[in-house]
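As given in TrEMBL:
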- C25, C29, C32: [4Fe-4S] cluster binding site (BINDING)
- 11-223: domain 'Radical SAM core' (DOMAIN)
Amino acid sequence: MNALTPNRLEAPAPVGLLAELTHRCPLRCPYCSNPLELDRRSGELDTAAWQRVLKEAAGLGVLHVHLSGGEPTARNDIVEITKTCADLGLYSNLITSGVGGALAKLQALYDVGLDHVQLSVQGVDAQNAERIGGLKNAQPQKFEFAAKVVELGLPLTLNSVIHRGNIHEVAGFIDLAVKMGAKRLEVAHTQYYGWAYVNRAALMPDKAQVDESIRIVEAARERLKGQLVIDLVVPDYYAKYPKACAGGWGRKLLNVTPQGKVLPCHAAETIPGLEFWNVNDHSLGEIWRDSPAFTAYRGTDWMKEPCRSCDRREKDWGGCRCQALALAGDAAATDPACSLSPLHAKVRALAVEEAAENPPDYVYRTIGSNVRSPFKEEVHS
Ligand code: SF4
Ligand code: FES
């Protein structure tokens, strides 16, 4: 073991906790990163369990809690849970669709110390946005919600997930963020996990569209310096190197599902054979340090070539394990999004082919559906 190969069991302190409070959501976005088998309300952790998890997270060194879902404001106890974050000194970020009961709870959330709001927008044109999100009349509710966030003086981030159905609106998203008074905009090209993997052919843009969207973002960053920060997540299939998914497996992030399973990333359950521990049976600290799922791909010992001898291995940690499983059939393989992967050319060709075809209809996210991951054209087969 040398300095460049840290012990896989050596666990740094986690920075963030993604608290998936519920999978219930009024929207039905076809790119949702939640699993295909969504948790039902009856199995959700109760208030006391979430409060214990938050306390343990603070003890572990977690700084940020992302209150997410589904739609977190669908929980009746969202205000209580947010207050617990504030009491523990945890920075709370509400990741919300801004529809349903979100607006009605916003003042109370502010009053108990909510720190930040991240609002999703599916499109700029209302009709397009509502077709993507699968909910009529969503856009005016989002506008009203955003106005209230800004009126309260809460920092607002807009999150736009980009795909072939809205990539022509990237300039519009930037204008919208400015108009709404957001401090930050995420232009996040779809990552193909969960429902997005099922809908990949319907969502995949072509390379020229992607390049144009990047050009628009770069120009706007220059123009809006000091006014709006724009984060850009480029699409994996067209990238040169993969991203450090979840900041590196078991290095920064804990993801707690509505039923209390703790995952190293939101799609980890797609990897067969991994054992996930539940907060009902173990403390968060035990899970972070010792659970089989967290230690499986922590550090670099598990890596194969070309990652094993690559000088980027502690920058991107080999990319995404879930994508490696989906595309290469082996979660320990180099993420095929990486240009050094032997499968990269095939993945790129697949994206080009899908983007050139007429998009199929969306398979909308639904609780209790029988949708299964297609794995129809794994590039390794
Ligand atoms: Fe990252 Fe592995 Fe690609 Fe190197 S070979 S850039 S470590 S994914
Ligand atoms: Fe699981 Fe990337 S989504 S490691």
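Residue 1 is the first one shown; counting continues down the chain.
Even glycines carry a Cβ here, placed using N, Cα and C.
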Cβ neighbours within the same chain of C32 ([4Fe-4S] cluster binding site) - under 8 Å, at least six residues apart: C25, G194, W195, A196, R365
Number of other Cβ atoms within 10 Å of the Cβ of C25 ([4Fe-4S] cluster binding site) across all protein chains: 24
Close in space, distant in sequence - C29 ([4Fe-4S] cluster binding site), Cβ under 8 Å, 6 or more apart: S120, Q122, I132, G133, G134, V161, W195, Y364, R365
Additional residues around [4Fe-4S] cluster, ordered along the sequence, whose Cβ is within 8 Å of the centroid of C25, C29, C32: L27, R28, Y31, N34, G70, S97, G133, W195, R365
Taken over the domain 'Radical SAM core' (11-223), the model's mean pLDDT: 95
